[in-house]
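Worksheet: the structure to be examined is printed underneath.
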Amino acid sequence: MTRLRGGTAAARSASAHARGARVPRRSGRALARRRSLTGLLLIAPALLLVGVFFLAPLGLTVWMSLHKWPLLGTPEWSGLANYAAIPGDRTFLDALLYTVLYTAVITPLLLFTGLGLAFLVRDQRPGVGIFRTVWFLPYVFGFASSAYLFLWLFDSSVGFVDRVLMDLGLTDAPVQWMNSADTATGAVVAMVVWKVVGFQMLLLMAGLQSVPDEVNEAALMDGSGRWSTLLRITLPLLRRHVALVLVFSVSGSMLAFEQFFIMTGGGPGNETLTVVNWIYNSSFANFQLGYGSALSVLLLVLLMIVNGVQLYLLRERD
């Protein structure tokens with residue numbers, strides 16, 4: 001009888017121990033579920049914003065691109081007709097070529113200018129904070145206000161640039177900057193560099209400051225010259241920051257609109273017409289919203305491909 005009572009007590013103790021082991025396991029799973037739910041609740045506003053302001057407009061744009069969609073009236077299903085018309089659109093092809101050429105000019109100019117400024121401001125020296133602020137300040141201005149400022153600066157009647165050039169004896173008469181595609185593009189490039197390079201300077205400066213001084217010092221002690229150290233040590237360590245700068249530059253240049261719309265109007269003779277300008281004209285001047293949507297979808301695909309190639313080429317390698 002004593003043995004039976006003892007065996008029963010041992011069994012009860014083992015059962016209680018098993019229940020005690022299951023309770024923490026269940027409570028651990030409940031805690032994980034609560035944490036997951038909390039995480040979902042925290043990111044829900046961001047997901048809502050992405051859905052409302054990105055996914056929904058993207059879906060609507062794709063849907064519109066499959067229709068003949070007038071500004072006023074009832075849309076008509078057209079399938080892929082809008083996309084089929086793109087290869088025959090000479091104005092779009094010229095605008096695409098000009099946009100690519102503009103991107104090829106402005107992207108390295110911004111990168112190398114920003115990198116040079118980043119080298120100047122990476123170390124803490126007297127006055128360096130003021131220098132950073134002066135270069136970054138134009139970035140806080142809108143593209144429209146910056147474009148109007150430079151439109152005034154390059155105005156042939158009252159512009160400051162022509163006055164300085166004539167005072168220095170470099171020109172005999174005011175330059176009609178916006179009457180030539182080359183000079184008009186140069187004026188736009190000057191405005192974009194002035195406005196954007198300060199932001200790229202800060203991005204690259206952050207990358208330079210993340211490179212340990214010991215790395216460069218060790219390379220110099222091993223006999224590597226300054227240029228060799230820059231090309232073989234410093235720049236490879238900046239790969240992520242350079243990739244970010246290039247993505248910003250290429251995307252911003254391919255989507256260029258305000259600066260050309262305000263400063264050149266696409267002229268003279270559509271020679272400075274960008275892709276986004278032509279999308280705007282097709283949609284709101286020619287009232288072909290469906291065709292403009294098809295051009296927008298195509299531009300999005302091109303940007304995804306170009307940026308994907310950039311990120312692949314600049315990926316981290318073991």
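Here the Cβ of each residue, glycine as well, is placed from N, Cα and C on the backbone.
Note: TrEMBL annotation is automatic and uncurated.
Per TrEMBL, these features apply:
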- 1-18: compositional bias 'Low complexity' (COMPBIAS)
- 1-27: region 'Disordered' (REGION)
- 39-66: transmembrane segment (TRANSMEM)
- 95-121: transmembrane segment (TRANSMEM)
- 96-310: domain 'ABC transmembrane type-1' (DOMAIN)
- 133-154: transmembrane segment (TRANSMEM)
- 184-204: transmembrane segment (TRANSMEM)
- 242-262: transmembrane segment (TRANSMEM)
- 291-314: transmembrane segment (TRANSMEM)
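Remote same-chain partners of the transmembrane segment (291-314), defined as residues 6 or more beyond its termini with a Cβ less than 8 Å from a stretch Cβ, comprise 58, 61-62, 64-65, 69, 82-83, 85-86, 92, 239-240, 242-243, 246-247, 250-251, 254-255, 275-276, 278-280, 282-284. Within its own chain, the transmembrane segment (184-204) has Cβ neighbours under 8 Å at 102, 105-106, 109-111, 113-115, 117-118, 121, 132, 135-139, 141, 143, 146-147, 149-150, 154, 177-178, 238, 241-242, 244-245, 248-249, 252, 256, 259-260, 263-264, 267-268, 271-272, counting only residues six or more beyond its boundaries. The transmembrane segment (242-262) is in contact with the transmembrane segment (95-121), judged by 3+ CB-CB distances under 8 Å for residue pairs 6 or more apart in sequence. If you look at the transmembrane segment (39-66), the same-chain residues 6 or more away from its ends with a CB under 8 A from one of its CBs are 75, 77-80, 82-83, 289-291, 293-294, 296-297, 300.
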